[in-house]
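Student: Before we start, here is the structure in question, set down as structure tokens.
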Amino acid sequence: MRGTRAQTNTGRKEGVNLNKQQKQKKETTIDSYYSPNGTDGERSANDKPEIPVNWIQAVEELKTQLREAEDNWGKNLKIKISHLETEALELKQENSVLKAKIIQLENEAKEMKDEAKEMKDEIKRMKDNLQRNSDQKEKDDQKAKDEIQSLRTRVKQLESSDLTRQQDTIKQNKKNEKFEENVKHLIHKTDDLENRSRRDNLRIIGLPEDHDKRKSLDIILEEIIQENCPEIVEQEGKVEIERIHRSPPVFNPQQTTPRNVIAKFKNNQIKEQVLQAAKKKPFRYHGNMVRITQDLSASTLKVRKAWNIIFRKARELGLQPRIKYPSKLTIFLQGKVWSSSCFLNYP
């Protein structure tokens, strides 16, 4: 469009120059026609016809108007040429700006093309990665399926073996319960046998250790019996002791209480008389209080020891507590004698 405008302006300029030349030729012809000297092809003065004065004035006025029109036209032409040159300069500047924009757009298009290529490469890499990940996921899924199937098989096997193990465990538990019952029975029988083997024994508690240095234990026991229940000695005569010793046999210097003394009587009747007398009143020896009880096995003593707190509380309440052989606690309540086996069912 700008090229067409430039061509139009050039055509206008050439048309103006042509009209100017034709007008100058015409003026020259008229001037020469009225010239007194004349030129080639012009009429001489003698041949010149008579022209009215008003015509001549009209011609002069016309010439003056033509010159003014020519001057105005020239001025206008110069102004238009100046405008055209300004427009051409502006068009040139716009053209340079457009060229710069075109170059910038070309550079941007090149950058966009490079970015598009990079994006295409990135998309291709992402597509390859997705394909690899998809393939790996399929492999992992298949591996997981195989492992799950293997685990199911193992679970079934374990369930089957567990059922067998449970059945075996039930059988074994029944056997163990039977063994435990047998062991308890054997322990009870053993305790009973041990207690029966100790039926002729008495346990002396609280006898100081220093007495052993002055006298033997059998003499000390005879003196205890003579001091606390002389009627037994008078009736039965000499008290015969089969064996007497401290328990435990080794003295522990860190122990504050004296060791117990265990004495085995040859005559069971004398042992029972001494035991019954000890239940009626506390025994003393040289001012020291000693306690005499039936000698029992360690397990029976442990069970009896568990009754101590209840025994003392029942005594405070006046329930007349007693511990019967081997380790049964009895109390007198509401006119009846209650044993430890009844306490378990008592509301």
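Cβ coordinates are placed from backbone N, Cα and C, and glycine is handled just like the others.
Annotations in TrEMBL come from automatic prediction, not curation.
Per TrEMBL, the features are:
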- 1-10: compositional bias 'Polar residues' (COMPBIAS)
- 40-50: compositional bias 'Basic and acidic residues' (COMPBIAS)
- 125-149: compositional bias 'Basic and acidic residues' (COMPBIAS)
- 158-170: compositional bias 'Polar residues' (COMPBIAS)
- 199-295: domain 'L1 transposable element RRM' (DOMAIN)
- 298-336: domain 'L1 transposable element dsRBD-like' (DOMAIN)
- 1-51: region 'Disordered' (REGION)
- 125-177: region 'Disordered' (REGION)
Student: What is the three-state DSSP composition of the domain 'L1 transposable element dsRBD-like' (298-336), stated as helix, strand and coil residue counts?
Tutor: 18 helix, 10 strand, 11 coil
Student: For the compositional bias 'Basic and acidic residues' (125-149), could you work out the same-chain residues 6 or more beyond its ends whose Cβ comes under 8 Å from its Cβ atoms?
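Tutor: The answer is none.
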Student: Can you break down the region 'Disordered' (125-177) into helix, strand and coil residue counts using DSSP?
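Tutor: Taking the region 'Disordered' (125-177) as a whole: 53 helix, 0 strand, 0 coil.
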Student: When DSSP states are grouped into helix, strand and coil, how many residues of the domain 'L1 transposable element RRM' (199-295) land in each?
Tutor: 36 helix, 28 strand, 33 coil
